Every structure is written in C-alpha cells, then in structure tokens.
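The Fe cation binding site annotation in TrEMBL covers His235, His285, His353, His534. Taken from TrEMBL, the feature compositional bias 'Polar residues' covers 1-10, 50-62. As annotated by TrEMBL, region 'Disordered' applies to 1-24, 39-68.
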Amino acid sequence: MLSSKQQLLSGTAPLQKAPAAQSYSRTVRVAAQAAAREVSTSAAVMDRPTVQSSAEQSQLPTQAAKDAAFRTDIAPEQERPFELEVSGSVPKWLKGSYIRNGPGHYAPEMKHMFDGYGLLSRFIFEDGKVSAMARYTASNAFKLWKSSGKMQFSEFGTSISTLKNIWNTLLGVTGFGQGFTDNATVNTLPLPSGELLAMTETIKGQYRVRVDDLHTIERAPFVGDSVPGDLTSAHPAVCPDGSVYNLAVDFGRSRTIYRLDPETLKRTKLADVPTKDYLRPSWVHDLPATENYIVVVDAPLKYDIVALSLGRPAISGGFSWSPEQGTQVHLINRHTGATQSFECPVTDFYCFHFMNAFESADGKTVFLDCPVFKHGGATDYFLLDNLKGQQDIPASPVQRMTIPLDGSSKQATLSLIQRDTTQYNELGRINPLYKGHDYQYAYHLASVRPTPLGNALGKLDVRSGETQLWHEPGCIPQEPLFIPRPGAKAEDDGVVVSAVAGADGRTFILVLDGQSWKEVARAHMPYGMAFQFHGQWYPS
C-alpha cells in the first residue's frame with residue numbers, strides 16, 4: 001500500500017447543449033507485420049498526398065476544433081471555479097482535481113505546437129459535478145510578452161531576432177544570466193505542500209503554484225544551486241516509492257542525474273551520465289524509471305548549439321539528426337548511483353514519451369515500452385502549419401526494449417508489441433499504481449486515418465498487442481489520464497479522462513470507463529481551450 005505522499009506523487013450561466021455526435025469504441029485487430037517491415041514516418045510519409053474522399057474527410061478534425069486547439073487569441077483566465085453542464089453520470093467516487101498544463105495562447109509569430117505560453121487548467125470533480133478554472137503561469141517570458149506584445153525569448157520552434165537569440169543562447173549555455181526561456185508550459189509535479197511545480201525543460205522554467213487557486217508563488221530555487229546545468233527533462237522519474245529524480249544538462253561539461261526532495265525542493269547529485277558528445281547531447285524529454293533504475297535513452301536526436309543560436313537550419317527545437325551515432329541506453333541505480341551503458345542497434349529511433357519501464361521478476365532484465373518514430377524530424381511534424389493542414393500523421397507503433405542485467409550482453413534489443421503497426425501513439429499513460437512495475441494496459445492518443453494529428457484515444461493491451469479506440473469524428477482529444485477506482489483489484493478498474501476539442505469548437509471533458517472503454521460522461525466547457533500537453537490527478 002502506498003503512503004499518502006507516494007499516492008500524491010504518483011499522480012495518483014446555463015450552457016446550450018452541444019449537438020449529439022456519433023462516437024464509437026472499437027477493437028482494432030491487425031495481423032502482426034513481418035519484423036523486417038519498416039513503418040515510414042519520414043518525409044515521404046509527411047509528403048503523402050492530402051486529397052481525401054468525402055468519407056475520409058468526415059474523420060478529419062473540423063476547422064472549429066483546430067481553431068480551438070491552436071488558438072492565437074488569448075484564452076480567458078477563470079480565477080474562480082465555475083460549474084460545467086454534465087451529460088451522462090460522473091462516478092461519485094471521482095473526487096479531486098484534474099490539472100493540465102500547456103499552451104493557452106500562441107503569439108502570432110509562433111510556429112510550433114510546443115511554443116505557446118503556459119496556462120494551467122483545473123477541472124474539479126465532486127459529487128458527480130465538474131467545475132473549471134484556469135490561470136496563466138506568471139513566467140517572465142509570458143509577462144514580458146504581455147507587456148510588450150513581442151516575444152522576448154525564443155521558444156521551442158520559434159526564434160526571436162538572431163543577434164538577441166545568439167546572446168540569450170550563449171547566456172544559457174554558459175550559465176551566465178540564464179538566457180533560455182522560463183515558459184513553464186509542459187507538465188506539473190504534485191508537491192506534498194498542497195502546491196504543484198509547473199515545469200518545462202529549462203532549469204529556470206520551474207514554478208511553484210498553489211493548487212487551490214492556481215496562483216504562481218515563485219520560481220523554484222534551482223538556479224545557482226549545487227547541480228550544474230541549464231536544461232532538464234520535463235518528465236522527471238517518479239519512482240514507485242514516491243522519490244523523484246531528473247536529469248540536468250550542462251552543455252560541454254556534464255549530464256547529471258539528481259534527486260529532488262519534493263518537500264524542500266532541494267536537489268542533490270546522484271550520478272554522472274556519459275554521452276558521446278557533451279556539446280551535442282541527445283534530447284531527453286522523458287525519464288522513465290523502474291523500482292531500482294533510472295533510464296536515460298540517448299536517441300540520435302541531438303541538441304545543436306548553432307541552430308539554437310541562429311534559429312535555422314535545424315529540426316524544430318534546435319536539433320540535428322545523427323543516425324550514425326546510434327542509440328545508447330544508460331541505467332542508473334537510484335540507490336548507489338552506479339551506471340551501466342548499453343548499445344541499441346537501431347539508428348531510426350526516437351521516442352517522445354515512454355509508456356512504462358519495469359524489471360523482470362528475477363531482476364535480470366529491464367523492459368522499456370516505447371512508441372517509436374523512425375526519424376527525429378517528427379518534431380517538425382508538430383509545426384502549427386502541419387497540424388492545421390491535412391497531411392497524415394506519422395506512425396509510432398509501440399515497441400519493447402529489452403535490456404539485460406545479467407552481464408550476458410551490452411546490447412539492448414527492440415521488438416514490436418502493437419499489432420497495428422500503422423497506429424499513432426503519443427502521450428501514453430498507465431494506471432499510476434503500476435508505474436515502474438509489470439503491467440497490461442496503456443492509454444494514449446491514437447489515430448483513425450487519415451488525420452493530421454491524434455484524433456482518437458487508444459487502450460493498448462501490451463500483452464496481446466490489441467488496441468481499442470474511442471473516436472468521435474471532427475474532434476481533437478488530448479492526453480488521456482487513468483484514475484483508479486478506490487479499492488479496485490483489476491488494473492483497468494477506473495476511469496480515463498481527457499480534454500477534447502469538440503467538432504463545434506467547444507472543449508469537453510470526456511470520462512471513459514477504463515474496462516469497457518465506453519463513455520460514461522462528459523462535462524461541457526462554454527468555449528474552446530487550446531491543446532494542452534500533460535495532466536495530473538490531485539485527489540481531494
């Protein structure tokens with residue numbers, strides 16, 4: 001049984017009714033493809049003709065849904081909760097706050113999905129009712145844009161003027177003045193104090209925020225502490241016992257795994273992580289963990305300092321693709337800091353978000369489940385122009401990486417899990433009580449093709465390889481979050497919640513039964529909200 005602290009850290013006016021829409025849940029059973037078959041997510045797939053039949057057009061997100069998801073006007077702040085109209089029946093046991101972080105507004109010059117200014121949205125579930133509120137995180141990047149009307153820092157896929165960007169990047173890389181953006185727009189980490197940490201991938205972009213009113217308190221005290229580096233992961237490793245670890249990148253010098261005390265926010269070094277090139281380290285967006293190990297995957301997608309400074313030419317985010325360097329995997333023992341490194345004999349590998357990592361029962365193997373893109377240029381696909389268009393989204397079928405711990409080999413291997421190798425998988429989540437342990441089900445953004453972005457929610461059985469889909473034509477769902485029912489015995493006994501941009505342009509909060517994969521309720525927002533990245537559950 002997890003303690004209350006461990007459970008917290010694990011994640012664990014009347015509206016006019018929207019027109020009824022036809023949604024469906026189905027099980028996709030596709031014969032496993034030969035291992036030699038390549039699923040192309042390269043430029044060839046991105047350049048696929050975009051002419052669709054009328055039947056295909058009906059599957060595509062509507063223009064109203066796209067306008068809501070990638071809005072260029074300023075999403076309204078709601079500093080006090082207001083009640084939403086509910087269709088269906090929200091389970092009475094569902095009590096707490098579903099808090100999401102992600103863009104609330106895209107400045108007119110912004111080019112990439114990951115650029116928008118961070119907005120925290122809180123959906124409060126109590127006695128079958130749902131209320132909502134939202135506030136921007138008061139980062140310097142947002143406040144300076146709001147006062148000047150212009151971007152003062154480069155964001156993920158959009159650079160400011162070249163000279164200013166060179167200066168800011170050099171400040172960031174050298175540690176003088178912390179020149180990188182502090183736009184905390186990616187994720188949140190629950191804190192035992194009744195606060196949360198709004199996070200991005202820069203050390204200075206970490207802000208303490210009150211859960212009850214989403215008020216930004218102050219920047220976390222990481223800048224200038226004992227852990228070197230200016231960049232970090234937006235997905236720290238939260239271990240089964242509730243302890244928290246993350247990676248810090250100090251360009252040209254070091255990469256450090258550090259332990260974060262959630263109560264004091266003090267960081268302490270655990271281990272150094274090797275890399276082939278400290279000036280061009282791999283982009284590590286997500287840090288999975290097992291019961292005993294932190295896992296760092298070095299894919300061939302590398303930071304490019306020149307691109308970061310000059311803004312082009314590069315893969316969005318200031319990266320370069322270096323398949324000749326292959327893929328390396330590092331396991332850091334979180335008790336001792338001892339590090340083991342392995343080669344994975346694949347060059348066409350990139351994973352944004354890992355499903356889960358766990359150890360075999362005998363402790364001789366680590367397994368890592370990864371939705372795999374075949375090219376790091378997949379970050380370019382999330383340029384706003386592409387998402388607003390009609391190009392088909394790349395496939396990212398789930399594969400399992402097997403890493404031997406018995407000394408028999410220094411090579412990790414990949415094998416296909418998912419039967420439908422054309423499926424898009426992103427923003428995967430699992431039952432938080434199974435994080436770091438053997439498990440059966442993962443929940444993720446999925447696709448009913450053709451579509452330029454995730455337009456379905458998937459429930460993947462990692463043992464059978466089968467995928468069930470929830471899909472409503474014209475809609476854009478966001479990351480699913482599984483919330484276990486109190487006292488549940490079955491892994492999938494609970495609900496999955498997701499914010500969905502409806503075909504009419506208004507957002508609704510969808511509640512699916514985790515076992516039947518059917519809708520049980522939805523709560524209707526009076527307007528459309530921008531696409532946000534990650535959510536956490538904060539129990540009452």
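Placement of Cβ uses the backbone N, Cα and C atoms for every residue, glycine included.
Please treat TrEMBL annotations as automatic predictions, because they have not gone through curation.
Owing to the predicted nature of the structure, the values given are computational and were not obtained by experimental measurement.
In the three-state DSSP scheme, His285 (Fe cation binding site) falls into the coil class. If you draw a 10 Å sphere around the CB of His534 (Fe cation binding site), it holds 22 other CB atoms from the protein chains shown. His353 (Fe cation binding site) falls within neither a helix nor a strand when secondary structure is assigned with DSSP, and so counts as coil. Within 8 Å of the centroid of the Cβ atoms of His235, His285, His353, His534, where the record puts Fe cation, the same chain has further Cβ atoms from Val186, Asn187, Ser233, Ala234, Asp286, Phe352, Leu427, Phe533. Every protein chain shown contributes to the tally, and the Cβ of His285 (Fe cation binding site) ends up with 20 other Cβ atoms within 10 Å.
A sphere of 10 angstroms centred on the C-beta of His353 (Fe cation binding site) encloses 21 other C-beta atoms.
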